Amino acid sequence: MIQASSLHSHLEPWMTTSWKHPLLFVLGAVGCVLLYLFLLNFPPTSLRGPTAGLFPVIVLATTTSWLTSRALRSDGLPWSTLGLGAGQRKTARFVHGLMAGAILAGLWMVMVTVATSASWRPNPTFDVSALVLASLFHFFNNVGEELVYRGYLFVRLTACWGAPATVVATSGAFALLHLQAGIPWLSVLAAVLTAGLVFGAIFARWRSLPLALGFHVATNVAQDAFGLRPGAASLLQATYPTGAADKGTSILAGIALLNVIVATGLLFWPRRQPGATDRR
């Protein structure tokens, strides 16, 4: 019969490895987010300030990078675990993500155009500096988000739960944070949650944070530039006919369906094994 002290000595290392470091990572991530939100409260560094909230997101990216580095080191995991090792074509993967993300955002734009019969023209109030600031904001903000949702914690949860469950869980947390930020719940459910599924599926399939980051950044920048989120950063401006507002729910449903199809395909479509050859 195993003594209680002996059983505890066998379980303690497993408990430490399985729960302690991920839990500390979650607590650290909460601290990073709270610091980011705190900095947004000051007019010079707020979203309406002269730099459109750029300083807080740089702090967010820096603190989550440090947190990830500590977590990986604590578990003896190399940066290559996240696709950030030497020789992993980080820049190329990031660029590929940018292109793929822009394509998906373009499909969203097509859905909006078809559903509402919108017409597009150059935005007369377009400001280059606004687009540059928005792009920088999205980049650093998405660095923080990807490190938290599709980084160390994702890898650890996948080892326990598998990729599909981890994608759903991290996407749910991703959506809840956006809901807390004041985004309408229907938009969070149909767009943010399902986009998170795509980001998670990309990381789960290729284990490349640069690829997922590029995709995430592109979807955000493209929404601003294409006029899906109209403002001074928009190259285009839409003109909607009467009654177009009634199509909002249908558009969100279509976007959600598209995102879910993409995420499901990425997660479950078989991958060809390296070196595999066709048998005749």
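Backbone N, Cα and C atoms are what each Cβ position is placed from, and that goes for glycine too.
Quick look at what TrEMBL annotates:
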DOMAIN    130-221  domain 'CAAX prenyl protease 2/Lysostaphin resistance protein A-like'
TRANSMEM  21-42  transmembrane segment
TRANSMEM  54-73  transmembrane segment
TRANSMEM  94-118  transmembrane segment
TRANSMEM  153-177  transmembrane segment
TRANSMEM  183-204  transmembrane segment
TRANSMEM  248-270  transmembrane segment
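With pairs at least 6 apart in sequence, the transmembrane segment (183-204) and the transmembrane segment (153-177) have 3 or more Cβ pairs within the 8 Å limit; the two touch.
If you look at the transmembrane segment (21-42), the same-chain residues 6 or more away from its ends with a CB under 8 A from one of its CBs are 49, 53, 55-57, 59-60, 63-64, 67, 70-71, 74-75, 144, 148, 152-153, 156-157, 177. Within the chain carrying the transmembrane segment (183-204), a Cβ under 8 angstroms from the stretch's Cβ atoms is held by residues 97, 104, 146, 149-150, 154, 158, 163, 166-168, 170-172, 174-175, 211-212, 215-216, 219, 249, 252-253, 255-256, 259-260, 262-264, 266-267, all 6 or more beyond its ends. Residue counts for the domain 'CAAX prenyl protease 2/Lysostaphin resistance protein A-like' (130-221) under DSSP, split into helix (H, G, I), strand (E, B) and coil, are 83 helix, 0 strand, 9 coil.
Taken together, the residues in the domain 'CAAX prenyl protease 2/Lysostaphin resistance protein A-like' (130-221) have a mean pLDDT of 96 on the 0 to 100 scale.
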